[in-house]
Every structure is written in C-alpha cells, then in structure tokens.
Amino acid sequence: MDSLPRSFNANKHLKEQFVSNLTGSSMLEISALLTTVPILVLLRQSICFQALTDGDTKETSLKKNDTAIVAFKNLKAYLATLVMDFVFIVLPTLLLFTVLAEWIYVWMILLSLLLIFVIAGKRSPHSPYLEGPKSFRMSISSYRVAMMDLGVGSFVLVNSIVSRQARNVSSSMDWWKAALKSTSPLLLLGFARLVSTMSVDYQVHVGEYGVHWNFFFTLAGVSILTSTVNVPSKYSGILGSVILVGYQSWLSSGLNVYLLSNKRGMDIISRNKEGIFSIFGYWGMYLIGVQVGYYLFFGNHSSVMLRSNNGTRIRVWLLSILFWILTVLLDRHVERISRRMCNLPYVTWVLAQNLQLLAILMLSDYVPGSKMSALEKAFDRNLLASFLLANVLTGLVNLFVDTLFASSVSALLILISYALTLSVVMGIVDFYGVRLKFW
C-alpha cells in the first residue's frame, strides 16, 4: 500500500505553534516603531535627488480619480529613483523592525530630532499653498501607503477616512446594488484565499480569525453592514460609538470568555467565532472613521479656523491625544486591548495611533523640498494590488523557505529581497501606467 503523500508544508504545525501564545509588544514600543515610519517618509521627501530625473521626466495631464500620473521617459532613471526611495524609507524601516528593534526608543528620538532640525531650517511653510482637503492630499496618500499592511484595524480605518461616505458622495445605485458591487470582489478574494491555503496545507493560526474566516471576509462583512445601514456622515460616529459600547458590554458580560477560549464546536459560528463577532468592532471603527474623515477634511465648516491648514493639523493632534487618553483608561479599567476580539480599547488604540501618524505626515508643508516619493505614488495607485502581491510573496517564502530555522542573516536578506521585489514590481507597473482596480 502506497504511503500517504507528504504535506506540501512539512513544518505547518511548528509554524502555527511558533505564533501561538504570544504576549505581543507594549503600546509604547509599537507606537515608537510606527512613529519612525512617517518620520522616514518626511526625511526622504526633504532630500532632493532631482538630478536623477531632471530632463528625463514629464508630467502628463492625464487625470483619473483626481490623481495626476507622472510618466518617466527613462526607465533607468525611474528605477534609480525607486532604489533611492527604498534605501531611505523601506530599508531603514526593515532594520528598525528587526535587528535594531532593541534600540527603537533611541532611534525614534534621533530621527525625531533630525526631522526637527530639517523643519527648523525652513522658516515658513510652502507658499502659496492650498487650503482645505486638497492641500493634504499628499499627506493622506502617504498615510494610506504607510499604514496599509500594519493590521486589519489600520486598513479598515484608512479606507473609512477617505471613503465615499466620508466625502459625502452619494451613489445613484440602490443600496443592495452598491453592497453587491463593493462586497463581491472581497468575497471572491476571501474564498480564493481559503481554497489556496487549504490546497497547499498552509499554516493558519485559527485564534486570529477562526478556521475558515480571513481578512477579506471581515472587510466584506463591514461593507455589507455599512451599505445596509445608511447613516449621514456627520452622524455615523454616533452610531459607531453606540455599536462599540454595546459590543463591549456584551464582551464584558461573558462573550470575551467564549471568544478567547480554545474550545470550538462543529457549527460554522463556533469554528469562526473570532472573525464573525469581531465584525461588530470593525463596523463601529469604520463608522467612527467616516465621521473623523468628514470632520477633518470633507465637511463644510463655517469657521475659518476649521478650514485652515493649521486648524486641521491642530484637530488631528487633539483627536489623537483624546483617543490615547481613552485607550489608556479603557485598557486599565475596562478590558485589555485585544485585536482578536476587536474590543473597544483596540478600536480607540487604532484611532489614536493612526491619527498620530497622520498628524506627523501633515507636517510636510514645513519640510523643505517636500514631494511625494515615486515609491509612495506607485503603491498609492495600486494599493489593493500591492497588498495581494505582498501576501502571495509571503506565502511563497513560507512554503519554499524553512523560515523557522533560518539564521538571522538569512532572514534579513530574505526580508530585504522580498521588500525590494515588491517595490520594483509595483514601480514598474506604475511606470507603464497600469491601474489595477477590482471594482
């Protein structure tokens, strides 16, 4: 009798155990790590390497989704610019998140001081500059790129702040047609990921979303609920807060014990309890994000102070501080932060951290020579495509490389090769003007 075929992923169980029962990092450490990202982006924007592209570029008037497409005549010059972006943004980020992580507080202070010196060397903001939401388009785009793959919470919030609801753009379609249009690609991606991971016996940490659930199903669930319950932008935060408080009360009444337990029944809900119930938390987060985006950038404010750039910056910082205070109080007196359950402390933490990073990026007016890098533009124009490619590359590395037993040097080289491959591919896609949209 022939032996059973060997698993395509021989170390599956070891890899699942490796990411189980972890305590995670502290809020302060995570905040320090994430704060370095926007600082590196601003420092890169302050460094002018125009010699690489002057005379070799042209800005076309192609206009799609209010985004000007910059076309480089010379592919070599464009790739050289991408490499510089990679060296000044991506490579330091990789090092700070890995081999330099033990000294993250020192590096955060040093980078912050360097940014302060750069800003101090410029006496005043760009002049003349726009007022209102268009003036912060570059900062918002940089924010979307920087926060894209730092967790489902950040992904949900990023999309809510710049969503159609936040921009108060009404749809001519019926609600069910809009829901079908927005959720069908996500459901397709969700089932595609489920089938692909099962077919190659890929490791899945069931404590994250459940046995069958994944990131795309969560996004689809939020989209369905948002399309079904249509609330005006300026009131969406109220509904979001009610949902979150109600969900947290349910958690504190015993639901948290059920969700954190390793015991599972055979029914579909029990097997995917984390993913299904956490939708309420992500839905509340999305609704609050809609009102935050409307309030900060897209609402019609009567006060000149609220419409000014400085007024917007102040509001972002104040909101970030408010959510940080709420996070500390909730984490200490209500329930510890849990991404697994997407409880109220987790939602306020995501809001605080994201707004803090956005506030830092909004200092770009004070950075000399500030201009969105070519690498940022490449990712911004194909966000979902870059996310999917990153996941595919991650899966290939996990399947074909024995990552558990790789040396530190090998692991770092793999990460650099992975990031460089992703950056170059997305850069070339953008160079040829390809826009990968799914709906």
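Just so it is clear, glycine is given a Cβ too, placed from its N, Cα and C backbone atoms.
From a predicted model like this one, the values you see are computed outputs, not experimental measurements.
For 20-43 (among others), the entry in TrEMBL reads transmembrane segment.
If you look up TrEMBL, you'll see 77-97 (among others) marked as transmembrane segment. Proximity of distant same-chain residues to the transmembrane segment (77-97), defined by a Cβ-Cβ separation under 8 Å and at least 6 residues beyond the stretch ends, is recorded for 33, 36-37, 40-41, 43-44, 47, 49, 52-53, 56-57, 104, 107, 373-376, 378, 412, 415-416, 419-420, 423-424, 427, 431.
Look at TrEMBL and you will find 103-121 (among others) tagged as transmembrane segment.
According to TrEMBL, the feature transmembrane segment maps to 142-162 (among others).
What TrEMBL records for 212-231 (among others) is transmembrane segment.
Sequence-distant contacts of the transmembrane segment (237-259), counting only residues of its own chain at least 6 positions beyond either end whose CB sits under 8 Å from a CB of the stretch, comprise 229, 231, 273-274, 277, 280-281, 283-288, 290-292, 334-335, 338, 340-341, 343-344, 347. The transmembrane segment feature in TrEMBL is assigned to 237-259 (among others).
Per TrEMBL, transmembrane segment is recorded for 279-297 (among others).
According to TrEMBL, the transmembrane segment annotation covers 317-334 (among others).
Summarising the annotation, TrEMBL assigns transmembrane segment to 346-363 (among others).
Here TrEMBL flags 383-401 (among others) as transmembrane segment.
Residues or ranges marked as transmembrane segment by TrEMBL: 413-434 (among others).
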Dominant neighbour of the transmembrane segment (317-334) in 20-43, 142-162, 346-363, 383-401, 413-434, by Cβ pairs under 8 Å: 346-363
Contact call for the transmembrane segment (383-401) and the transmembrane segment (103-121): at least 3 Cβ pairs under 8 Å, seq gap 6+: no
Contact call for the transmembrane segment (142-162) and the transmembrane segment (413-434): at least 3 Cβ pairs under 8 Å, seq gap 6+: no
